[in-house]
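Novice: Structure below; questions to follow.
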Amino acid sequence: MHCGCELTGKLNRIKKPGSLIAHRPPRRTGNQQAELSPEERGQWANKIEFLLTVAGAIIGLGNVWRFPYLCYKNGGGAFFIPYVLYLLTCGIPLFVLETSLGQYTSQGGITCWRKICPLFEGMGYASQMIIVYGSITYIIIIAWAFLYLFSAFSVELPWASCNNLWNTGACTVLSGKNSSSEWASPLNASSSVMEFWHHRVLRLSSGIEHLGTVRWDLALILLLVWILIYFCIWKGVKSTGKAVYFTATFPYVMLLILLLRGITLPGAINGIHFYMYPDLTRLADPQVWMDAGTQIFYSYAICLGYLSSLGSYNQYNNNCYRDSFYLCLLNSGTSFLGGFAIFSVLGHMAQEQGVDISLVAESGPGLVFIVYPQAVTMLPWSQFWAVCFFIMIILLGFDSQFVGLESIMTSVTDMFPTVLRRGFRRELLLLGICLLCYLMGLFMITEGGLYIIQLFDHYVCSGTTLLFLATCQSVAIGWVYGADRFYENIEDMIGYKPWPMMKYCWLYVTPSVCVGTFIFSLVKYSPLKFNNIYVYPWWAYGIGWFLAISSLSLIPINMIYKLYKGKGTFWERLQLACTPAKDLPQSQRPSAHHYILSTCTDREKTPDSL
C-alpha cells in the first residue's frame, strides 16, 4: 500500500497533455450546463497579467501612508517582529488559502464558498458588500489626488503661497528655517498647505449634521475617475490584464525616483533613523501587536474575495502556492521601501523647519495631502516632484479600485453566468454599479463628506471586520471542508506538497490569533472621534454600526437559510450544508481528512438547489 501511494504520488506530478493523472475539471452534464468552461468564462492571457493584477490589488495607499507611520510610531525596527509574526501566522496562510480556493473552484468570491462549503456562502456576500462600501469611499482619495495633480501644473504650486482666493488673513508660508508653533498643533495651523487642504479641497463643515453642498469640481473629477475605471474592466480580465501593465508597474518608477531623490537630501538620514531605530520596549504595548495585525489585513486584501476572484482565472495547474509567496514578499518589500522614500523627505523637511520629525510625521490623508505637499515646496523643481508623487498616489489607489470592482463583477457574473455573459449584459451591469457608486460618492464630496468617509472607514473597512471574516474562513477550510483535503487539492494543482505548517495554521494558529486579536479590538473599542475632537451624534454611530452589521450579518443569515431550506433532520441538513459540490476536481490521493461535518463523498445526493 505504501509503494502504491508513492507511485500514485509520482504519477500525479506528470502533467502531460491528455494525461488521465493530470487533473482537469470534469465534464459538465445535466444541471451543470449552466456553468461555463474556463475558456467560456475567461482566463488570464499569461501569468504576468495575474501577478500584476494581484500586485495592483494588494499594493495600495496603505503601503505608502500607513505602514511607514506605524513602523515609526510602534518602535521602528522592533515593529517588524510582530509584523512578521502576523505575516507568517495569518497573512501568508490566508493569502494562499484564498488564491488556491479561487483557482481550485474556478469561481468568484461567492460561488467558490457555495462549492466548497455552502454553509459559509454568506462570507462571500459579506466580503462583496465590504468591497462595495470600500469602493464608494476609497475612490474619493483618488479624486483628491487628481485635484492636487491638476493644481501642480502651474507656475507656482497653489499650496506654496498665500495669494489665493481661499487663503485667510492668518495664512503663513512655512519654508526655510521658519519654525512655527503651528506644527505643534496642526489642527489649528494656518499654513498655506493646510489652507489649501481645508479651504480649497475639503471646505470642511462643522460636523456631519451640516453636509452642505456638493463640490462640483470634485464631482467632475470623480466622474472622470469612474469613467476610467469602467473602461479598465468593462471587458473583464481581457481589459483588466492589459491595464495593469501600466497601473501596477508605473508606481514603482515613481517610487524609485522619489526614493533616490529623498535619500540624497540633507537631513534624510535623520528621517530614516526615526523610521528604523528599534525600540524594543514598545513590544510590551498590546496596541503595537494590534497595529501589526490590522496592517497585515489592511494591506494584503485578504478576506475580501479579491484573491479568490483573481485566482479563479488561472489555469488549474498554475503554481498559485509559489505565486502567493512572491506576491507577499513584494507587498511587504514595497511597504519597507515606501518608508524610506517618505521618511527621507520628512527628515529633510524637519531639518529645514528646525523642528523634531515627530511634529511632521503623520499617517493617512495628513501625510499625503498636508505633510508631503509641504515637503516638495522646499525642493528645487517642486512642480515636477509634486507631479511624480501624486501620479504615484493615483495609480496606487487606481488599480486597487478597479480590481475590487472586477472582483464584484466576477462574483456576480459567476452566480448568473448564462444570463450575464450574453451580449452586453455584463457591461450594462458594470455601468449600473459604477453609476450607483458614483451617485453614492457625491455625499462624500460635500462639505461634510470627510465625516462620512471616516465613518465608513472605521466601521466597515476596519481590521476588526476582517478579523471576524478571517476566523470564519479558517474554520470553514480547516475544520469543515478539511485542512488535509484542501492541502491535497493544492498538491494536486501544483504537483508537490506545500509546506506542512500551512494546514496547521488553517486548523489552529490562524483562527486562534484572529480570535485573540478580535477580542482585544473589542475590549479596546472606543467611540469614533473625528481628529480625536469632534464627537459624532448618536444617530451617526447608529449608521456606522448598521453598516458593519449589514455585511457581517449575512454570514449567520445565510447559515439559517441553508439549514431551513434543507431536508431531513437537523443533523442531515447540517451535514448536507457542509458537503462540497460533486463537480469539484477530486484528488487522486485518498487519505484521512481533518474535518468535523463534511464527508468524503461528493454532493451527488445533495439537492441542486442547496
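Placed from the backbone N, Cα and C atoms, the Cβ positions cover glycine too.
The following feature annotations were taken from TrEMBL:
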type	residues	note
BINDING	Gly56, Asn63, Ser299, Asn331, Leu396, Asp399, Ser400	Na(+) binding site
DISULFID	Cys162-Cys171	disulfide bond
REGION	20-40	region 'Disordered'
TRANSMEM	50-67	transmembrane segment
TRANSMEM	79-97	transmembrane segment
TRANSMEM	130-150	transmembrane segment
TRANSMEM	218-237	transmembrane segment
TRANSMEM	249-276	transmembrane segment
TRANSMEM	296-313	transmembrane segment
TRANSMEM	325-346	transmembrane segment
TRANSMEM	384-408	transmembrane segment
TRANSMEM	428-453	transmembrane segment
TRANSMEM	465-483	transmembrane segment
TRANSMEM	504-526	transmembrane segment
TRANSMEM	538-561	transmembrane segment
Novice: Any chance the transmembrane segment (130-150) and the transmembrane segment (504-526) are in contact, meaning at least three CB pairs closer than 8 A with a sequence separation of 6+?
Specialist: no
Novice: At a threshold of under 8 Å on Cβ distances, which of 249-276, 325-346, 428-453, 504-526, 538-561 pairs most often with the transmembrane segment (384-408)?
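Specialist: Out of the listed stretches, 249-276 contacts the transmembrane segment (384-408) most.
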Novice: Do the transmembrane segment (296-313) and the transmembrane segment (428-453) share at least 3 Cβ pairs under 8 Å, sequence separation 6 or more?
Specialist: no
Novice: Specify all same-chain residues, apart from the site residues Gly56, Asn63, Ser299, Asn331, Leu396, Asp399, Ser400, whose Cβ lies within 8 angstroms of the center of the Cβ atoms of the Na(+) site, ordered by sequence.
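Specialist: Neighbours found: Ala55, Ala57, Ile58, Ile59, Gly60, Leu61, Gly62, Thr334.
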Novice: Sort out for me which stretch, of 50-67, 249-276, 325-346, 465-483, 504-526, has the most Cβ pairs below 8 angstroms to the transmembrane segment (538-561).
Specialist: 465-483
Novice: Can you see whether the transmembrane segment (50-67) and the transmembrane segment (428-453) are touching - at least 3 CB pairs under 8 angstroms, only pairs 6 or more apart in sequence?
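Specialist: No, the transmembrane segment (50-67) and the transmembrane segment (428-453) are not in contact.
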Novice: Run through the Cβ atoms and count how many others sit within 10 Å of the one on Cys171 (disulfide bond).
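Specialist: Its Cβ has 18 other Cβ atoms within 10 Å.
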Novice: Please list, in sequence order, the residues in the chain of Asn63 (Na(+) binding site) that are at least six apart in sequence and whose C-beta is under 8 Å away from its C-beta.
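Specialist: Once residues fewer than 6 apart are set aside, Asn63 (Na(+) binding site) is near Ser299, Asn331, Thr334, Ser335, Gly338, Leu396.
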Novice: So if I measure Cβ to Cβ from Ser400 (Na(+) binding site) and keep only same-chain residues at least 6 apart in sequence, which ones fall under 8 Å?
Specialist: Gly56, Ala57, Ile58, Ile59, Gly60, Leu61, Tyr138, Ala301
Novice: Based on Cβ atoms within 10 Å, give me the single least packed residue among the binding-site residues Ser299, Asn331.
Specialist: Ser299
Novice: Would you mind listing, in sequence order, the residues at least six apart from Cys162 (disulfide bond) in the same chain with a Cβ closer than 8 Å to its Cβ?
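Specialist: In sequence order, the residues whose Cβ lies under 8 Å from that of Cys162 (disulfide bond) (at least 6 apart) are Cys171, Thr172, Val173, Ser192, Glu195.
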Novice: Can you give me the same-chain residues 6 or more apart in sequence from Asp399 (Na(+) binding site) with a CB-CB distance under 8 Å?
Specialist: Thr53, Gly56, Ala57, Gly60, Ala243, Val244, Thr247, Ala248
Novice: What kind of secondary structure is Cys162 (disulfide bond) part of, going by DSSP in three states?
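Specialist: Where Cys162 (disulfide bond) sits, the three-state DSSP reduction gives coil.
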Novice: So which residues does the transmembrane segment (465-483) touch in its own chain, when a touch means Cβ under 8 Å and the partner is 6 or more beyond its ends?
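Specialist: Contacts with the transmembrane segment (465-483): 90, 94, 97-98, 101, 113, 116-117, 119-120, 123, 126-127, 130, 293-294, 297-298, 302-304, 459, 503-504, 506-508, 510-511, 514-515, 517-518, 521, 548, 551-552, 555, 578, 580, 593-598.
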